[in-house]
């Protein structure tokens, strides 16, 4: 990972904006369970809605198409990025017409169906942005890929979750905006959910037009000076995905990535909804998220230059499990202490610790994925690796949410968190030795280069690997 650290600010800004838009959609999808919970939705309803995240677990099937088919004159990434984002804008406009009625009537299946389409397009946009980030940052510092993703998505998630829930609330808007300005009280917030979604559609449209006009892709530099270092065709890309799983290291990483979320899903997906069920107003919950988000934005910068991202992934995983214990207890006792002056400050502390370790864990994992990804199939390679983790989250979250519907109502959250923590500790014990071995593998061991160019790469990677070992020793 010994690379230069100079990165063009324009490249960072572009990737941040694209990940920000992606985060808005994800944050919007995350806020819907809160709206459903306020209207009395069960954990079974929440389990149905959780299926909207599955496109991030399935995008591997069409990632090679996006990674290989393009119009050279238009640009490899812009060929797909522009039409995908225009479709996202159209879906958002359509969604804004029906979202309120679907939530009010608890038409969860219809609601999940429309959001599934939105997240499907967002996942496709993610393939383009991942590949573009690898192209822009691989020659300088690949850790910027994960840093940009975490910062951009976090800010976008904040806009689609905290910003929305706060200013959509009539109580908050009346107390903190209308009253100080001597405006008459209203039964609605500063804006409604449907108007926020329409604004998001316009933002996608504006950024898409800007990218189409002002961003010009540079021709990608071959991995070596050899003539046969050509971009893979679509058939070669699909074949490469199959061949990847013939590698022992990739199979081990796949198992680790799929099973890792078992320890995290209850805290990640149930905490906010449980707080709402325990009596925390949605506007207050959104305000609590503001300092949590600030920590999320800046925490990835801590490990942007780490040389052992997979090891740090496990360390932050353990700290996340540890922080989930007091958080679960605090949520359980919320009805008894919510009126206390210390309740919200302590809640902020607990949620901030959770988010801090969650973001660092994710940044370390994505940093490792970016480090081992081959540039010619960057979008597909990153998609494959991220898909494994996303599938683990999607599968385990649906299972734990459905299971919680059958648990005692008073203890459902605590039992679910306890079960997940136990499974998480077991995962760490069984996988840590394998993780250490995977981190020590030289970079070329993860690649699928043609035979003609492997030798040169191995020579360079051996030098890189020796330097890494020297740095660790020192």
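Each residue's number is its place along the chain shown, starting with 1.
Backbone N, Cα and C atoms are what each Cβ position is placed from, and that goes for glycine too.
What TrEMBL annotates here:
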- 12-36: transmembrane segment (TRANSMEM)
- 48-67: transmembrane segment (TRANSMEM)
- 79-99: transmembrane segment (TRANSMEM)
- 195-215: transmembrane segment (TRANSMEM)
- 253-271: transmembrane segment (TRANSMEM)
- 283-303: transmembrane segment (TRANSMEM)
- 310-330: transmembrane segment (TRANSMEM)
- 342-360: transmembrane segment (TRANSMEM)
- 381-401: transmembrane segment (TRANSMEM)
- 413-435: transmembrane segment (TRANSMEM)
*asked:* At a C-beta cut-off of under 8 Å, are there same-chain residues at least 6 beyond the transmembrane segment (48-67) that contact it? List them, or none.
replied: 29, 32-33, 36, 80, 108-109, 111-112, 115-116, 118-120, 122-124, 126-128, 131, 234, 237-238, 241, 269, 377-380, 383-384, 386-387, 390-391, 393-395, 397-398, 401
*In the same chain, which residue numbers or ranges, 6 or more beyond the ends of the transmembrane segment (310-330), come under 8 angstroms Cβ to Cβ?*
260, 263-264, 266-267, 271, 303, 346-347, 350-351, 353-354, 357-358, 360-361, 364-365, 368, 413-414, 417-418, 420-421, 424-425, 428, 432, 435-436, 438-439
*Check the transmembrane segment (283-303) against each of 195-215, 253-271, 342-360, 413-435 and return whichever range has the most CB pairs under 8 Å.*
342-360
*Leading stretch by Cβ pairs under 8 Å, where the reference is the transmembrane segment (253-271) and the options are 195-215, 342-360, 413-435*: 413-435
_Should anything in the same chain at least six residues away from the transmembrane segment (342-360) have a Cβ under 8 Å from its Cβ atoms, list it; otherwise answer none._
150, 154, 264, 267-268, 271, 275, 284, 288-289, 291-293, 295-296, 299-300, 302-303, 312, 316-317, 319-320, 323-324, 326-327, 330, 334
